[in-house]
Amino acid sequence: MISTTKVLSLREGSIQVVLFSVYGPRRPNPLKNGGGEVPWLLFLSGSWRAAVGGYFLKRLVFLGVVMLGVSIITFGLINLAPGDPAELILRSGGVEPTRETLEALRKELGLNAPLYVQYGRWLWRVLHGDLGKSFRTGRPVAEEILSRFPATLELTCAAMVLMVCLALPAGILSALYRHAFLDHLSRLSALLGASLPGFWLGLVLIYFFGVKLGVLPVMGRGGPQHLVLPAVTLGFGMAAVYARILRASMLDVLGQDYIKVARAKGLKEKWVIGRHALKNALLPTVTLLGMSFGHLLGGAVIVETIFAWPGVGKFAVDAIFNRDYPVIQGYVLFMAVVFVLVNLLVDVSYVFLDPRIRLERGK
Amino acid sequence: MSSAPVLKIKNLSTYFYTRLGVIKAVDRVSFEVEPGKLLGLVGESGCGKSVTALSILRLIEPPGRILSGEVWLNGHDLLKIPPGQLRQVRGREIALVFQDPLTSLNPVLTIGTQLAETIVSHEEVSRAEARRRAVELLFRLGLPDPERLMRLYPFQLSGGMRQRVMMAMAISMRPKVLIADEPTTALDVTVQAQILAELKRLQEEMGMAIILITHDLGVVAAMADEVAVMYAGSIVERGSVVQIFDRPAHPYTRALLRSVPRLGKEELVPIGGQPPALLNLPAHCAFLPRCPEAHTECRGKKPELREIGPDHAAACHRISRSCPGEAGRR
């Protein structure tokens, strides 16, 4: 069972650490000065717009710190790989390295300089959008990734939409009609969704809808019908699990006093559920939604390979098979940026959803 | 009884069907409240007071079930009317104030929204008009700067303020009956007195009937007109506040009064033993194991609540009709 407070305190903790290092200790909360008198002006002077702005800035600083760590790890990737990078590059080019060619390439790549200097130079290039050239195609990695990203984004978003469209009603209804047919169905599909590997589901879907029934295309990118099978493969498992999480969260909220109060006030049941319960139940689940976006991006690697979807994931898999290090490096870095940005978006959406964060953090 | 009761509860029974067995939380409870009067419903924790309150508005959720009984208001039995009609009674005719103002307000909605939605859902008014009336209500409950308050969230308010907001919400439709379930238990002692005074003032202004659920006998003595004492899911004694405090008849009521500190009283006598578990209650009087006046006849069937004098009823085998309060007195 995931409770709001648990998720909140987790976030609070991580944010607190970063904020502490950036801004020093947080100012004491003026609201907790012992009940009775409440200093109105303190929290009303700033509009919530300003609050969101401040919060956003803090998160941007956090993003910078994370990206620095990711860049170090990514840079280490090529240096941690067995063998000498220069030798690797020559071998991947199909050239048998000699002492002279190795030395020449080392000089050209600046591999004789100390590691931190190499890192500095590399980081400088990366910041200018230069991720190096693919060993295989010889084209700039940044260009290769960016040209393929729309396809991946399309697939991931389709899976996400599918997930929300399935999980939201399934989660709410199975909470409202506990132990009814739909509840059992969603329980079963969550079990299946969590335990069936995506590639298996993908192959089964291809077999039935592509081969047996012949109603849906199974290869490549095209119209909306091309999206269906890959999106279902990618989103189904997560949707089922997500429905269960929302159900648990919903049941937790439905047992709260304020729901009883809302009913005692004589509100319509749809109002009680749609407004009082759902808004609270969504809070812990939004965080998970952000995380699952990362999972979807990762899962896209497999799904894109199965369905020959021309996205970043398939590109990365090809790169791994070809030991195309600059591409792997570029892919990891790029995905890290996307992941962190999505998390930032989730945090900002939290500010919109939960007044407690909006008004306490925004100061 | 001077005037016709506004709310009449007859033989109300609410049981909870748990894995361990049936819990008889409310067992054939009957009482009535007159308009403008305050009924104190007293008893130890877990004796079924809150379940009684929730049963009146049919707010019991599984595994609980209202087994039988009648709740009469305006010539309708609330336990039989369709849900749509019941919704119109909730909040409009009968309002509830819950024990804990901390958890009674929705944390993600503003005070204004939570106040106005009650009004909008019962009356054909615009949102602006509903909000205007909400501001008025907050003002009426002595809350400072109500306009600002409307835009605040519950976590920005103190406990006392939240309970005032809850009360504003409860009186927003001028209900005929207000049920206050331990409205001050979660608050500081100083705030408790303010809230109770507010309750009394509102009652005088609006002429509504109040059912005040509490375990605090001092509060009952100060505020109630009528008192009903509950024990193990049943009412064991009922009467006017004077009768109950001056001539307590039931051994439990007397024990309860002995256990409360009062000026000029030397000694406090705690009630021995434990309140009974509501699971598998005995067929005889539930107070028997703790009763100092128990007798062989008490081992028989459970005593019924019966009149023992004017405006006074008790459920005890040892009380004779002629001399209430003399049962087994040594």
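Cβ atoms here come from the backbone N, Cα and C positions, even for glycine.
Look at TrEMBL and you will find A:60-81 (among others) tagged as transmembrane segment. Under 8 Å from some Cβ of the transmembrane segment (A:60-81) lie the Cβ atoms of residues 15, 18, 22, 88, 115, 118-119, 122-123, 126, 325-326, 328-329, 332-333, 336-337, 340-341, 344, all in the same chain and six or more residues away from its ends.
Among the features that TrEMBL reports, domain 'ABC transmembrane type-1' is placed at A:149-350.
Marked as transmembrane segment by TrEMBL: A:153-176 (among others). Counting same-chain residues at least six beyond the ends of the transmembrane segment (A:153-176), those with a Cβ under 8 angstroms from any Cβ of the stretch are 182-183, 186-187, 221, 227, 230-232, 234-236, 238-240, 242-251, 254, 273, 278, 281, 289, 292-293, 296-297, 300, 303-304, 309, 311.
The feature transmembrane segment is assigned by TrEMBL to A:188-208 (among others). Among residues of the same chain six or more beyond the transmembrane segment (A:188-208), those with a C-beta under 8 A of the stretch's C-beta atoms are 218, 229-230, 232-234, 236-241, 243-244, 299, 302-303, 306-307.
The list of residues near the transmembrane segment (A:228-246) in space but at least 6 beyond its ends in sequence, with Cβ under 8 angstroms from a Cβ of it, reads 2, 155-156, 158-160, 162-164, 166-168, 170-172, 174-175, 186-187, 189-194, 196, 198, 201-202, 205-206, 209-210, 216-218, 281-282, 284-285, 288-289, 292, 295-296, 299-300, 303-304, 306-307, 309. Per TrEMBL, transmembrane segment is recorded for A:228-246 (among others).
Look at TrEMBL and you will find A:281-308 (among others) tagged as transmembrane segment.
Residues of the same chain lying 6 or more positions beyond the ends of the transmembrane segment (A:328-353) and with a Cβ under 8 Å from any Cβ of it are 11, 51-52, 55-56, 59-60, 63, 66-67, 70-71, 73-75, 77-78, 126, 131-132, 141-142, 144-145, 149, 279, 282-283, 286-287, 289-291, 293-294, 297-298, 312, 315-316, 319-320, 361-362. The transmembrane segment feature in TrEMBL is assigned to A:328-353 (among others).
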